[in-house]
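Heads up, the thing below is written out as structure tokens.
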């Protein structure tokens with residue numbers, strides 16, 4: 001009973017974690033869009049870069065909620081400092097679509113128009129002709145659309161700023177104006193820092209998770225005694241359940257993951273994300289429970305000896321039961337407060353514990369399997385980020401990661417850290433797959449070094465860890481060079497880890513050992529014939 005229960009929990013943690021690898025790049029959410037280049041082939045009068053805009057509002061002098069917008073490719077460029085902008089009254093155009101001369105008094109105000117019935121340039125011309133000092137176009141959905149110029153437009157003299165806001169942003173302004181309050185607006189477009197310090201913290205978390213997971217057995221003494229498994233079943237070290245990844249299972253997983261990713265893209269909804277949140281909590285509790293019990297058991301050898309017999313759970317140690325209740329309470333608290341500003345801490349703790357546990361239970365046997373798995377993941381990442389728009393007219397992986405169709409719910413299978421000095425806020429994120437795939441290889445390198453009694457400098461573990469850290473830096477460098485558009489992190493991480501391992505193996509003449517490690521030991525020994 002206890003053994004089958006353990007095998008079930010092992011399969012649940014490992015298989016669900018493999019499912020979490022679906023979003024294995026570093027996603028940028030839809031609300032995190034940064035400044036974009038001007039439309040290609042545009043003329044000089046329609047060549048402004050698309051920039052995010054802050055729309056600050058006041059109702060009868062009381063400051064309201066700040067709204068995000070996107071500037072047009074034409075019109076006046078907004079200041080980056082709010083002190084350089086002007087607070088102006090807001091006025092709805094009449095007619096609301098802004099396609100013809102307005103009967104409202106617009107002089108010295110920011111005109112508000114709804115999207116539709118005519119192009120954006122026509123709306124801007126009508127607002128400017130009425131004396132408006134700016135135009136705010138309210139979209140009919142939550143996207144921020146790039147406002148370019150019609151192809152047949154040969155001359156354009158728009159001197160007022162033109163900004164697009166979302167449907168909910170327009171409703172926020174309309175709510176105040178409907179009550180008869182005087183609403184004033186301030187438009188400005190602050191610059192984002194090239195690098196936010198949150199990236200450094202995220203880098204440390206990712207590298208630290210791999211190092212910690214790889215050395216976990218050394219930290220907890222599980223290499224000598226397996227106390228972690230004693231609370232579930234009295235197993236010997238040699239009997240510890242380990243999931244050995246094969247080349248065949250690696251290929252099947254990538255095919256299955258691709259299928260599931262398409263299903264997520266096509267049928268994404270809030271209830272689907274909620275299902276993922278529940279499964280994440282279950283697997284996170286299992287991972288957190290395992291980590292805490294193993295740590296406490298390593299410090300107090302007798303803590304896990306006192307047991308109690310419970311229905312369903314069977315015989316379980318009192319320590320394990322107390323830790324389980326704590327982990328359940330932790331996960332429930334996180335799920336209930338997942339939209340709070342501090343929820344990222346709980347999500348990261350659950351995610352890190354889950355990844356540490358999986359890297360203890362799943363192992364690559366050699367570089368041959370590592371090459372198959374990482375190369376498949378490499379192609380998977382690139383295809384679903386860069387090439388999928390050719391088929392689906394959208395980057396499938398980025399669309400799923402950003403949760404555009406999930407009703408405001410976000411997928412929890414990533415580590416995230418809030419941006420500290422970014423005026424737009426938001427989070428820097430890294431998918432679990434970007435940690436686990438290279439982490440499997442780094443863990444193998446450590447086991448290989450230990451078996452071959454290699455030193456820290458002539459082994460592989462240290463250099464692959466360094467390679468992973470450098471690859472992660474390249475990932476974020478690519479992210480900034482590409483104006484914040486989502487990057488497939490494995491595009492950089494696989495060459496910096498697997499590529500480095502193969503190069504070191506070739507230089508040291510050990511590539512054959514790495515490639516077939518573990519195979520020779522499983523072959524039966526043939527007795528030599530005596531002469």
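FYI, residue positions are counted from 1 along the chain as it appears here.
Backbone N, Cα and C atoms are what each Cβ position is placed from, and that goes for glycine too.
If you check TrEMBL, you get these features:
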- 95-173: domain 'PA' (DOMAIN)
- 1-31: signal peptide (SIGNAL)
- 197-216: transmembrane segment (TRANSMEM)
- 250-268: transmembrane segment (TRANSMEM)
- 274-296: transmembrane segment (TRANSMEM)
- 316-336: transmembrane segment (TRANSMEM)
- 342-362: transmembrane segment (TRANSMEM)
- 369-387: transmembrane segment (TRANSMEM)
- 429-448: transmembrane segment (TRANSMEM)
- 460-482: transmembrane segment (TRANSMEM)
- 488-507: transmembrane segment (TRANSMEM)
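Between the transmembrane segment (369-387) and the transmembrane segment (250-268) there are 3 or more Cβ pairs closer than 8 Å, counting only residues 6 or more apart in sequence, so the two stretches are in contact. Counting same-chain residues at least six beyond the ends of the transmembrane segment (197-216), those with a Cβ under 8 angstroms from any Cβ of the stretch are 222, 294, 348, 352, 355-356, 359-360, 415-421, 427-430, 434-435, 438-439, 442-443, 446, 461, 465, 468-469, 472-473, 476. Ranking 250-268, 274-296, 316-336, 342-362, 488-507 by CB pairs under 8 A with the transmembrane segment (460-482) puts 488-507 at the top. For the domain 'PA' (95-173), the number of residues in each DSSP class (helix H, G, I; strand E, B; coil) is 17 helix, 14 strand, 48 coil. Remote same-chain residues near the transmembrane segment (488-507) are listed as 24-26, 367, 370-371, 374-375, 377-378, 380-382, 384-386, 397, 430-431, 433-434, 437-438, 441-442, 445, 460, 463-464, 467-468, 470-472, 474-475, 478, 513-515 (criterion: CB distance under 8 Å, separation of at least six residues from the stretch ends).
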